[in-house]
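See structure below.
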Amino acid sequence: MGTVGRDGGGVLRLPGLHGYAVEFSPYWPGRVACAASQYYGIAGCGTLAVLEQNEAGIALLKSFDWNDGLFDVTWSENNEHVLITSSGDGSLQIWDTTKTKGPLQVYKEHTQEAYSVDWSQTRGEQLVVSGSWDQTAKLWDPAVGKSLCTFKGHEGVIYSTIWSPHIPGCFASASGDQTLRVWDVKAPGVKLVIPAHQAEILSCDWCKYDENLLVTGAVDCSLKGWDLRNVRQPLFILLGHTYAIRRVKFSPFHATLLASCSYDFTVRFWDFSRPNPLLETVEHHTEFTCGLDLSLHNRGQV
C-alpha cells in the first residue's frame, strides 16, 4: 500500500498480504490503519497493520494477526489507540495499539463474512455499524458485548455501511442487491431504498458538506450521486473506470471533489461540478485497488 499527495508519498509492501481497506487516523496526521488478507481473502489469515508516514517514507508501527481475512477497519472516535476490524469469520475485533497482544474483545454474531465496519462520527454517540454477506447490518456499542440491533431487508451481500457525518443515528448501506439503503437506528425498518445501479454496489459514502448527498460505486464501472430529496434519477454519473469500482470517498475539504479506486488498478479523482469531471488518474498500483481514504489533516493526501 502507499500514500500519495502534494507533500510527498511513500510505499510500504506487506509480502503475502492483499490490502482490503485503509483509514487515516482522526487524531494522528500521517497515521494509517490497513486491513489485509492472505490470498485475496479467499483463504488464510489476516493482518491489521498500523503505519505512519515520516520523512523517510512509510514505517510499520504495529501489526496484529487474526486467523481469518480482515476486510475493513475503522478508528475509534473517542480513543486514539483503539480500532475495530471486520473479518471473514463473521466477527469484529477491537484492538488497542498500545498493547502487544490482541484483540481486546471479539464480537461474533454475523453468520457470514463481516465485510464492512464504521464508527459513528457524530457527537454524543459511540456506535458502530457492521455489514455482512449474511445480508444484515448490525448496530453495536463497543462497551457492550453484543449487538444492540439487527437491520434486515437487503436481498444480497452488504458490501458497505457508512454513518452519516451529519445526522445522528443515520447510516447508509450498499449491497449486491443493486440498492442503496438509508436507515435510522431510532426507527424500525428501512428509511429509504434506492435502486441505484443495475449491478452490485460495492461502496457508498456521504458528502461531508451536504447531508442529503451520497455517492455509490458499482460493478458497472460507474459512480452515481444521489440527492435523498429526489432519488428518481441520479444527481450525477461519473464514467471512466474500466472495471468494478471498489471504494469511493468524498473529499473532507471540498463539497464536489471525490476519489475512487477500482479493480482496474487505478485511483481516480473527480469534481462532479465540472463539465469534464475526471481530474486525474493515478496508476501506481499493479494489482486490484481495494482500499482508499483521504486525510482529514493534510489536504490532498490519499
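Every residue, even glycine, has its Cβ placed from backbone N, Cα and C.
Feature annotation from TrEMBL assigns repeat 'WD' to 73-96, 107-141, 151-186, 194-230, 238-280.
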Sequence-remote partners of the repeat 'WD' (238-280) [C-beta within less than 8 Å, at least six residues beyond its ends]: 4, 21, 200, 202-210, 215-225, 286-296, 299, 302
If one takes Cβ-Cβ under 8 Å and requires six or more residues beyond its ends, the residues near the repeat 'WD' (107-141) are 26, 71-78, 84-92, 94, 147-152, 154-169, 171, 173, 175, 183, 185
The repeat 'WD' (151-186) resolves under DSSP into 0 helix, 18 strand, 18 coil
DSSP on the repeat 'WD' (238-280): how many residues come out helix, how many strand, how many coil? 0 helix, 22 strand, 21 coil
